[in-house]
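Asks: According to TrEMBL, the record shows the following:
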type     : residues                       : note
TRANSMEM : 44-62                          : transmembrane segment
BINDING  : 82, 83, 84, 197, 301, 302, 303 : ATP binding site
DISULFID : 126-177                        : disulfide bond
DISULFID : 137-160                        : disulfide bond
DISULFID : 143-171                        : disulfide bond
DISULFID : 227-237                        : disulfide bond
DISULFID : 271-280                        : disulfide bond
REGION   : 321-349                        : region 'Disordered'
COMPBIAS : 338-349                        : compositional bias 'Basic and acidic residues'
């Protein structure tokens, strides 16, 4: 009796069947079955969906978002300013050298519209300001001698003396006297200030596209000497009247000149370089940056000493501190969506 042949392992049989099945399927040919539905309502819905998808890509992606364009991510910009005008106060005539601080030329400047002068301060003794904490007193016992208040005006002598005006008394101090609110004189410079002219020269450069432009029209007929900015007739004459800037910021000039404020000048270059360079134009806007409804942080003021700080009169040193209120003008440039069409294997200039 012949011996039975050994059966192959079950795993090997399964692998063989799988291989034969894959080889057979490789030579199969498939085609999708198309069903035509004769229903007008479903056909309208189907075509409407196709139209919406087409409109999304053509109108929104290409026309609105301009996704085919490249954008400048590192624009370069510079600003130079120049102020002109003359004004007067109750005591003197003021020109640019005196009411523009810091000296003009930078992208940020301030125009002094009101000053409070404490003339001829000398080192000596005088009543402390009533604004200083614990300065008011009734007797000498209320004043601690040799006490120095960091927010005060000097070193206390220990005496309680009558204030500059009225019946109040404050502690006497040794320092620069009289103190500011005791003898300061206010001078308003804002009468002619709305007519001050400000030249704002701005240049931009887009390194990626090697494109540069400025906001001044290139003419040789003295155009800048006789023009002022007008959005329609003179868009490339960046000479603005101060009153116009404050008005465009929605503020009252007289009120602002007394308290001071910070006005931002925004120059927006939103350029599409697919178009001609003449279509790349600056847009100006103005707004107040300091919170005018918050008394603690509204307004703008600073203190300076004029050149007489080292005067010596009758053996005493004198100084003339000035507290200034004015308009501070920082300039900001917005350069957005500047681009050209991006094409494969091309260089952008």
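Note that Cβ sites are derived from N, Cα and C of the backbone, with glycine treated the same way.
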Asks: So if I measure Cβ to Cβ from residue 237 (disulfide bond) and keep only same-chain residues at least 6 apart in sequence, which ones fall under 8 Å?
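Replies: Correct list: 216, 217, 223, 224, 227, 228, 229, 230.
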Asks: Tell me the Cβ contacts of residue 84 (ATP binding site) under 8 Å, same chain only and six or more apart in sequence, or just say none.
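Replies: Correct list: 96, 196, 197, 199.
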Asks: Express the distance between the Cα positions of residue 143 (disulfide bond) and residue 177 (disulfide bond) as a whole number of Å.
Replies: 18
Asks: Going along the chain, which residues six or more apart from residue 171 (disulfide bond) have their CB under 8 A from its CB?
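Replies: Residue 171 (disulfide bond) has long-range Cβ partners 127, 128, 135, 137, 142, 143, 156, 157, 158, 159, 160, 161.
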Asks: Counting across all protein chains present, how many other Cβ atoms fall within 10 Å of the Cβ of residue 280 (disulfide bond)?
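Replies: Other Cβ atoms found within 10 Å: 17.
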Asks: Got a sec? Which of these disulfide-bonded residues, 137, 227, has the most Cβ atoms within 10 Å?
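Replies: Per the Cβ count within 10 Å, the most buried is 137.
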Asks: Could you tell me which of these recorded positions, 83, 143, 160, 177, has the greatest number of Cβ atoms within 10 Å of its own Cβ?
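Replies: Of 83, 143, 160, 177, the one with the most crowded Cβ is 143.
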Asks: Nearest of the disulfide-bonded residues to residue 82 (ATP binding site) by CA-CA distance, picking from 126, 177, 271, 280?
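Replies: Sorting the disulfide-bonded residues by distance from residue 82 (ATP binding site), the top entry is 280.
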Asks: At a 10 Å cut-off from the C-beta of residue 82 (ATP binding site), count the other C-beta atoms across all protein chains.
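Replies: Summing over all protein chains shown, residue 82 (ATP binding site) has 15 other Cβ atoms within 10 Å.
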Asks: At the Cα level, what's the spacing in Å between residue 83 (ATP binding site) and residue 280 (disulfide bond), rounded?
Replies: 27
